[in-house]
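Listed in Swiss-Prot:
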{"type": "BINDING", "residues": "C26, C29", "note": "Cu cation 1 binding site"}
{"type": "DOMAIN", "residues": "82-147", "note": "domain 'HMA 2'"}
{"type": "BINDING", "residues": "C93, C96", "note": "Cu cation 2 binding site"}
{"type": "TRANSMEM", "residues": "172-192", "note": "transmembrane segment"}
{"type": "TRANSMEM", "residues": "209-229", "note": "transmembrane segment"}
{"type": "TRANSMEM", "residues": "246-266", "note": "transmembrane segment"}
{"type": "TRANSMEM", "residues": "270-290", "note": "transmembrane segment"}
{"type": "TRANSMEM", "residues": "429-449", "note": "transmembrane segment"}
{"type": "TRANSMEM", "residues": "457-477", "note": "transmembrane segment"}
{"type": "ACT_SITE", "residues": "D514", "note": "active site, 4-aspartylphosphate intermediate"}
{"type": "BINDING", "residues": "D713, D717", "note": "Mg(2+) binding site"}
{"type": "TRANSMEM", "residues": "772-792", "note": "transmembrane segment"}
{"type": "TRANSMEM", "residues": "795-815", "note": "transmembrane segment"}
Amino acid sequence: MTAFTQIEKSAAVPAPTDFGIEGMTCASCVRRVEKAISAVPGVASATVNLATERASVQFTGAPDTGGVLLAIEKAGYEPKVIIQEFGIEGMTCASCVSRVEKALRTVPGVADASVNLATEKGTVRFVSGVDVAAIEAAVRDAGYDVRKAKASGATAEPEDRRELETRTLKRLVILSAVLTLPLFLVEMGSHFMPGVHEWIMENIGMRHNLYIQFALATAVLFGPGLRFFRKGVPNLLRWTPDMNSLVVLGTTAAWGYSVVATFASGLLPSGTANVYYEAAAVIVTLILLGRYLEARAKGRTSQAIKRLLGLQPKTAFVAHGDEFVEIQISDVVVGDVIRIRPGEKIPVDGTVLDGNSYVDESMITGEPVPVQKAAGAEVVGGTINKNGSFTFRATKVGGDTLLAQIIKMVETAQGSKLPIQALVDKVTAWFVPAVILVAVLTFAAWYVFGPSPALTFALVNAVAVLIIACPCAMGLATPTSIMVGTGRAAELGILFRKGEALQSLREADVIALDKTGTLTKGRPELTDIVPADGFEADEVLSFVASLEALSEHPIAEAIVSAAKSRGIALVPATDFEATPGFGVRGAVSGLPVQVGADRAFSGVGIDVSPFVVEAERLGNSGKSPLYAAIDGRLAAIIAVSDPIKDTTPQAIKALHDLGLKVAMITGDNRRTADAIARQLGIDEVVAEVLPDGKVDAVKRLREGGRKVAFIGDGINDAPALTEADVGIAVGTGTDIAIESADVVLMSGDLIGVPKAIALSKATIRNIKQNLFWAFAYNVSLVPVAAGVLYPLNGTLLSPILAAAAMAMSSVFVLGNALRLRSVNPA
């Protein structure tokens, strides 16, 4: 083997792809990972290094990055993956989206890529060893410009760029119109106004008239219209035509034919030396006008994000010594003490140190009533202080603030693809090539079978087919509705963390609710304590509260609060043990103490039947009975009640009005749960459920093919939120519940659930309207442009009318999507 052959062969072998891996601790881990990766189809070899925590993988063909990542995860380790957002400029239709996604996925180390036409962004998931420059190069090689998007919530730069694009298009439209108008008047006036034709013949002459038309049309085509050529021609040469390519083919055909008719008319058959300069120019002008209107409409679709970005102030007054100094918000760090005066926006999240005021949190929660803030209260960046003044300590800054997280959630939802878009992706993959084929067949059919002059008919109809086809409308149909719908939801305090929830929420048949903190305020109150014979109420409460002081459960807080309000002193407890769903046990003053539900006592030989009548009475009144045992003897029955939220009855009624069944899942005993269900009109009750049994409860509700949306707020709700078809977290709940959810209600108000469902239905309905329009437009008008009506009634579609129709089709889709901004679900 020669050196040249060796070099040639080595060059043909693709470079290995590196994967970062976390969690390996020994050589056994290395072998396990190597074995898992080697089992992935297409992997030639895998070498794992424990010290560097990296795997070098050699593929036989195209890298299956996603397969390797999945294999690492299944082996029990965590691959190091980066998710980076890129801005992509120059996309005009769904074919562009498909092309960019395909280009990105061919980059070694890229696991997945999702591109959104409406936001002009691509989200790329790749392994840590991938050079970002390679990803950017792939986009540029596909024929588009790329830039790395900045951190979420940091800047409004994409909007500035969109405004610049809108202004540029406006200038191009004006320039193109100025050049096209005289051309249009001269050509059309000659046809419809005999006086104009005579004036041109006498003062300009036919030959000079053609030269003027040529000059004006050429200026339009290669001036304002040059943007179509810059994108369309390279894509044609790559055999990946897009909408720009259709415009280039159509206008160039009309212009080129006219040039031949002007300067070499002898090459054309007799009677066919007609010019179509005005058609080429008007097509460019109308399509530019459509792009301009489209750009303006796109800007309005992202108004929600712009408003969220505008909530954040630019500066903050931070304590430096004995004075407060104004600094840039980017310079604020955790721990800074910040002063807020009346009317000012709160710059970052924090905890109030001193002062008292009311804060307008409507832009975050959707609730119009200002919330009182005093020492110890949490404040959120972006909210507006009303009439008081206070200082607070910054706890979250930059991308960690709630506002930044909300913006990120909205952007993520806006950039997602719904299942309904799968058909669109399949169609748009072959749409443009199919249109070009139809145009070629149209030209051939008219040239062979058409009336005289056949060449003229063939050219005009083929150009009309190329121009009228509009893949843009199909590509924009879904993402624009998602953008506006999720943005409107954010304004109402409803965050769709996953775009798919927009579609799945409307399909829900059952709304399952956790009780505590969801139906109720989550702040239980001690209402009753009935001691057994030989015990005093305050004595029992002292033992019980001393034990419960070590628990973080809301019921424990209620018991401790009641003891303190009665002036009962607490003593240290030992041997504390909590069993979720049962209760707590420990020792107080050397005596064993146990507090919990009736099921907690059956296994320890303590009979709670003496309180059966009392338990029934308390349960029927909607209170939760608990039992207390001291030194192995039943000491008392205790009742706590968690007040129902004021808006819960209204929310349940609204869900019923939507035709939904409402179910409650609770750990309360059956009697208490049934009492609350009767009070609220809840259809189905799953009671006495242990925390880890909520998943099974959701599964039971799903029997028979029913779709279930589960609403919860606590840590123990997270598995059920994940199991449900749609998980809805109450925004006042725990972080883990919110992370597990598909939808977040920022206000913690259940009335947001019917609002979210109504928005889901409105958005999907809007998407279907857009898709129907986009498909119906192309399916019906492409044949008309080809001339199928000519044999019936002599109707042909002018390329100029085709351009106008195409330009307006995308504008119609965007305009329809913008209607979602005015949706106001009750």
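Note: Cβ is positioned from N, Cα and C throughout, glycine not excepted.
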Inset, instruction - Identify, among the binding-site residues C93, C96, the residue whose Cβ has the fewest other Cβ atoms within 10 Å in this structure. - result: C93
Legend entry - Least buried by Cβ count (within 10 Å) of the binding-site residues D713, D717: D713
Inset, instruction - Would you kindly check 429-449, 457-477, 772-792, 795-815 and say which stretch has the most C-beta pairs under 8 angstroms to the transmembrane segment (270-290)? - result: 795-815
Inset, instruction - Let me know the DSSP-derived helix, strand or coil state of D717 (Mg(2+) binding site), please. - result: helix
Inset, instruction - Sorry to bug you, but what's the C-alpha spacing from D717 (Mg(2+) binding site) to C96 (Cu cation 2 binding site), rounded to the closest Å? - result: 42
Legend entry - D713 (Mg(2+) binding site) versus C93 (Cu cation 2 binding site) - Cα distance in angstrom: 41
Inset, instruction - Sort out for me which stretch, of 209-229, 246-266, 429-449, 772-792, has the most Cβ pairs below 8 angstroms to the transmembrane segment (457-477). - result: 429-449
Legend entry - Long-range environment of the transmembrane segment (772-792) - Cβ separation under 8 angstroms, sequence gap at least 6: 427, 431, 435, 438, 442, 446, 457, 461, 464-465, 467-470, 473-474, 477, 802, 805, 809, 812-813, 816
Inset, instruction - Please work out the helix, strand and coil residue numbers for the domain 'HMA 2' (82-147) from the DSSP assignment. - result: 22 helix, 25 strand, 19 coil
Inset, instruction - Give me the Cα-Cα distance between D717 (Mg(2+) binding site) and the residue listed as 'active site, 4-aspartylphosphate intermediate', rounded to a whole Å. - result: 8
Inset, instruction - Report, as numbers and ranges, which residues of the same chain sit near the transmembrane segment (209-229): CB under 8 Å and 6 or more residues beyond its ends. - result: 172-173, 175-176, 179-180, 182-183, 186-187, 200, 244, 247-248, 251-252, 255, 258-259, 262, 275, 277-278, 280-281, 284-285, 287-288
Inset, instruction - Report, in whole Å, the straight Cα-to-Cα distance of D713 (Mg(2+) binding site) from the residue listed as 'active site, 4-aspartylphosphate intermediate'. - result: 8
Legend entry - Segment confidence, the domain 'HMA 2' (82-147), expressed as mean pLDDT: 85
Legend entry - Cβ neighbour count (within 10 Å, all chains shown) around D514 (active site, 4-aspartylphosphate intermediate): 26
